[in-house]
Amino acid sequence: MKYTLTRVNTKNSISKKYPLRSLKKTSDPIKKQIKNNIFFGTISKYMQYIMNWGRKNSLWPYNFGLSCCYVEMVSAFTSIHDISRFGSEVLRTSPRQADFMVIAGTPFIKMAPVIQRLYDLMLEPKWVISMGSCANSGGMYDIYSVVQGVDKFLPVDIYIPGCPPRPEAYIHAITLLQKAISKERRPLSWIVGEQGVYKYNMLSEKEEKNKKRISIINIDSEDSF
């Protein structure tokens, strides 16, 4: 049995305010909202892909070096290696115009405030590559005047082993950084949330993979064999 609702006393003034001829069918607002979210979600996905594609293929390094590893870094800009194939041949003399910084060499304690200052002057998004054993862990300089790893005061994205590493290793680090950038999503630094604006706490790769590294270093006991 079907039931229908009819307006009572159609000649009343209420019917003039809500006449029958103005009634029309409307779509479900929930379904419409879901459709819009899927549509704009797809657009934002492609827009994010385009932004990451342009960003990873136009990485401008900051012209900054500390010691001998910088010579190997600059060698990658020669015609033999041709780093311009990866869109990273434009050296910037100002940190405000650079996309990433390469810590190539020994980070002395006296230079740590300068490196930190230059990193703070770089605009977001920005990345850091630690090049060489000295920048990674202090290298052979286990002394009071050398910082035992630049990740003590900077968030490092890519580590390049070697003393000194070859230019091919630096190019490999650029390709790894490009892969990491292609997977990033906004926001990268400052976040506008419900509780206000706050800065994203970026941890270094060394801190994030600390447990994994310790599990590899620890040797299994004899009972485990």
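Note that Cβ sites are derived from N, Cα and C of the backbone, with glycine treated the same way.
In sequence order, Leu66, Ser67, Cys69, Gly105, Thr106, Pro107, Met140, Tyr141, Val146, Cys163 constitute the residues six or more apart from Cys134 ([4Fe-4S] cluster binding site) in its chain with CB-CB distances below 8 Å. For Cys68, Cys69, Cys134, Cys163, the entry in Swiss-Prot reads [4Fe-4S] cluster binding site.
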*asked:* Tell me which of the binding-site residues Cys68, Cys69, Cys163 sits in the most Cβ-dense spot, judged by other Cβ atoms within 10 Å.
replied: Cys69
*Which chain neighbours of the [4Fe-4S] cluster site, leaving out Cys68, Cys69, Cys134, Cys163, have a Cβ atom within 8 Å of the mean position of the site's Cβ atoms?*
Ser67, Glu72, Ala104, Gly105, Thr106, Met131, Gly132, Ser133, Ala135, Gly139, Gly162, Pro164, Pro165
